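Comments concern the structure below.
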Amino acid sequence: MDQSNRYADLSLKEEDLIAGQNHILVAYTMEPAAGYGYLEVAAHIAAESSTGTNVEVCTTDDFTKGVDAIVYDIDEANGIMKVAYPFDLFDRNGLDGKTMIVSFLTLAIGNNQGMGDVKNLQMFDFWVPETKLHLFDGPAVDITNMWKMLGRDKDNGGYIAGTIIKPKLGLRPEPFADAAYQFWLGGDFIKNDEPQGNQTFCPMKKVIPLVADAMKRAQDETGETKLFSANITADDHHEMCYRADYILETFGADAPQVAFLVDGYVGGPGMITTARRNYPSQYLHYHRAGHGAITSPSAKRGYTAFVLAKISRLQGASGIHVGTMGYGKMEGDASDKNIAYMIERDECQGPAFYQKWNGMKPTTPIISGGMNALRLPGFFENLGHGNVINTSGGGSYGHIDSPAAGATSLRQSYECWKSGADPIEFAKDHKEFARAFESFPADADKIYPGWREKLGVHK
């Protein structure tokens, strides 16, 4: 059934929809299945994503039609369509009237993913009216809170050198805590790897007290504040809160230095919201494990990594992993820096829409996946700043001297870039950074050809 007469209006102007502040606008790449027209399928998507179905129903009235999602723009040559969703379509909390992210996802990227007349459909951007942003939680704390604890400048506190405890699984409590202590002697921030929690060989109630003690000892030895991101991911919110409460109680006076890591993609929006609303004083660390199933550049359905990051800011994530922008081991390229810009700035141009955040706190880009001291200068140069959290597991524990030396090499890498120094010349006066060349020779050969001769290192 062709529903374009009701669910499409190509005379609508985007600037008018934006000025009206009454719609969420969504941009998709779309390819119809063979034998179907582009506008026909686009209208069917809008219908299925709002008030329609595959037949006319007798219960539809004029009010219902007033909240139809409408296709307002198509670019068939480039396979792009845009839909305006009336804001009133989205479910609201009974408790506080906030708009539910799950409702947005259910409509904008729900049943339309399985329609028979659609070959491919992927959301690549969306726009939220500035006047409606207060209906989303947004972050409660951000990187400025961490900078304050670290004694940094409150507006431009710079790079936070972090790691992931490696190996990701298999360490018992004592070796785990020792690995944390060794890194903290040179670095700032440690996160649980996303599967770490309460395994039988490393029970939470044994390892967390040891990690809290390791933090205290490292702080005493270095005179620096240390940060820990503890995984509270679980199948239900009672278990999440049980873990969170135990962790905060165990860290005691150092509890403000604890972030909560949540596997937000596999766990879903409700898990992020549980952490955000129950623990607004803690840094909310959104890990996106599993997202590549739909956000991979090879995927043609679902939504992009850009969309996931933008959603995370609305949900209230203090920070989210954004890949490595082509400088690490994860999928992505240099243009992914726009993901970071969208979540850290108060306004930014996305692939389709210019989003103003109206003062909503920023979400910090968290960089991880194959990064080390040699790869970071190029990364910083591409991004244009170093106000990120970087968690380098192999880049720390793979350093030829020690995890502390690996952590120090990360810090030195940032200082090298910030000062505008040539990395090889900088290495001559910075031992830990220099030893990173020997620690990661394959990277050194690729990024800094001739480094052996220049640094006097021989095979």
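Cβ from N, Cα, C; glycine included.
Here the structure is a predicted model, which means the values were calculated and not measured.
Over in Swiss-Prot, the protein carries these features:
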type: ACT_SITE; residues: Lys166; note: active site, proton acceptor
type: ACT_SITE; residues: His287; note: active site, proton acceptor
type: BINDING; residues: Asn111, Lys168, Arg288, His321, Ser368; note: substrate binding site
type: BINDING; residues: Lys191, Asp193, Glu194; note: Mg(2+) binding site
type: MOD_RES; residues: Lys191; note: N6-carboxylysine
type: SITE; residues: Lys329; note: site 'Transition state stabilizer'
Minimum Cα separation from Glu194 (Mg(2+) binding site), reported as the residue among recorded positions Asn111, Lys166, Arg288, Lys329, Ser368 that achieves it:
Arg288
Rounded to the nearest Å, what's the C-alpha distance separating Lys329 (site 'Transition state stabilizer') and Asp193 (Mg(2+) binding site)? Just drop the number here, would you?
16
Among Lys166, Lys191, Asp193, His287, which are recorded as recorded positions, the nearest neighbour of Asn111 (substrate binding site) by Cα:
His287
If I restrict to non-local contacts, at least six residues apart, and a C-beta distance under 8 angstroms, what lies near Ser368 (substrate binding site) in its own chain?
Ile164, His321, Thr324, Gly328, Asn390, Thr391, Ser392, Gly393
Residue among recorded positions Lys166, Lys191, Asp193 with Cα closest to the Cα of Arg288 (substrate binding site):
Asp193
I want to verify one value. Collapsing DSSP to three states, which class is Lys191 (Mg(2+) binding site)?
strand
So how many other Cβ atoms are close to Arg288 (substrate binding site), meaning within 10 Å of its Cβ?
22
Please report how many Å separate the Cα atom of Lys168 (substrate binding site) from that of Asp193 (Mg(2+) binding site), as a whole number.
6
